[in-house]
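Enquirer: Straight out of TrEMBL:
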- 38-287: domain 'G-protein coupled receptors family 1 profile' (DOMAIN)
- 20-46: transmembrane segment (TRANSMEM)
- 58-75: transmembrane segment (TRANSMEM)
- 95-115: transmembrane segment (TRANSMEM)
- 136-155: transmembrane segment (TRANSMEM)
- 190-213: transmembrane segment (TRANSMEM)
- 234-257: transmembrane segment (TRANSMEM)
- 269-289: transmembrane segment (TRANSMEM)
Amino acid sequence: MNVSFKTGFLLMGFSDERNLQILHAVLFLITYLLAIMGNLLIITIITLDQRLHSPMYYFLKHLSFLDLCFISVTVPQSIANSLMDNGFISLGQCMLQVFFFIALASSEVAILTVMSYDRYVAICRPLQYETIMDPHACKCAVIAVWMAGGLSGLLHTGVNFSIPLCGKRIIHQFFCDVPQMLKLACSYEFINEIAVAAFTTSTAFVCLVAIVFSYTQIFSTVMRIPSADSRTKVFSTCLPHLFVVMFFLSAAGFEFLRPPSDSLSAMDLIFSIFYTVIPPTLNPLIYSLRNEAMKAALKKVLSKEEFSRRMVYVKAIFNL
């Protein structure tokens, strides 16, 4: 493949063998479609069902939208590269990919922290819940989540692409991964990126501490509840969220905090999939299977009566 790298990079992806490239494209396409359908279903259910218009589901809807955007940053480009047998990505595309990837990942950590605080207030301070988590506070929290993510994305993108590069512009990953890109930097030229990464990591650690504190208080309160049914109900809403947090942060932490190496192993690719592809795909399944309110709302939306009612409403709109 004769490609000039002066205006872009070469993404090595998973394999040079054509059959494996096709297999990767098919598997990623199936996963991508499942993630899109699952997250759109969550957004639709929460929007249509009035019983789910509460802070917890308001934040869950935004998490689903984040997941939908997050997986769309890397996977479609990777599918196209595999199908066309061309791993080239332009400088502009790579910059956009880094910005949106960092911004959405940071926003996801932030909203998971907000969701854990919401559960803490609901369970540990129920009498003050409506006062603390009022609609204005929820909107401000979501705005802060998006602003924090955008700022993080701008910092990483600005600093990362101002670093002089030495050697071939080959990235051993299926997307423009910042740790892999730093390997292309000239010696001692990426101190600013290290400083930004340290700031981002510290912020993520603060979020993790806040989440752990919230759930420590939650579990302490739950264990004092005498009713087994009430404890089960609380756990059904809290455990899925805790699993999502631990899965996402542990996989991302392994990738960004491990010592850099000159070669990319299969384990590196697997862990990159764990924090880029798996969470947006599994989150809708995790939240719907363990949440009775979500399952009831899903059955209602998919019922023949509800479908017929919606069709009558749509026909009435078109007849206006």
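Glycine is no exception: its Cβ is also placed from the backbone N, Cα and C atoms.
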Enquirer: I'm a bit unsure how to read this: which one of 58-75, 95-115, 136-155, 269-289 has the highest number of Cβ pairs shorter than 8 Å with the transmembrane segment (20-46)?
Expert: 58-75
Enquirer: For the transmembrane segment (58-75), give me same-chain residues lying six or more residues beyond its boundaries with a C-beta closer than 8 angstroms to one of its C-beta atoms, as numbers and ranges.
Expert: 28, 31-32, 35-36, 39-40, 42-43, 46-47, 97, 100-101, 104-105, 107-108, 111-112, 114-115, 118, 138, 141-142, 145, 174-175, 276-277, 279-281, 283-284, 287
Enquirer: Six or more residues beyond either end and a Cβ under 8 Å away: which residues meet both conditions relative to the transmembrane segment (95-115)?
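Expert: Non-local partners: 56, 59-60, 62-63, 66-67, 69-70, 73-74, 77, 89, 141-142, 144-146, 148-150, 152-154, 156-157, 160-161, 175-176, 178, 181, 200, 203-204, 207, 210-211, 241, 244-245, 248-249, 252, 275-276, 279.
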Enquirer: Report, as numbers and ranges, every residue of the chain located at least six residues beyond the transmembrane segment (136-155) whose Cβ falls under 8 Å of a Cβ in that stretch; write 'none' if there are none.
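Expert: Apart from its flanks, the transmembrane segment (136-155) reaches 55, 58-59, 62, 98-108, 110-111, 114, 196, 199-200, 203.
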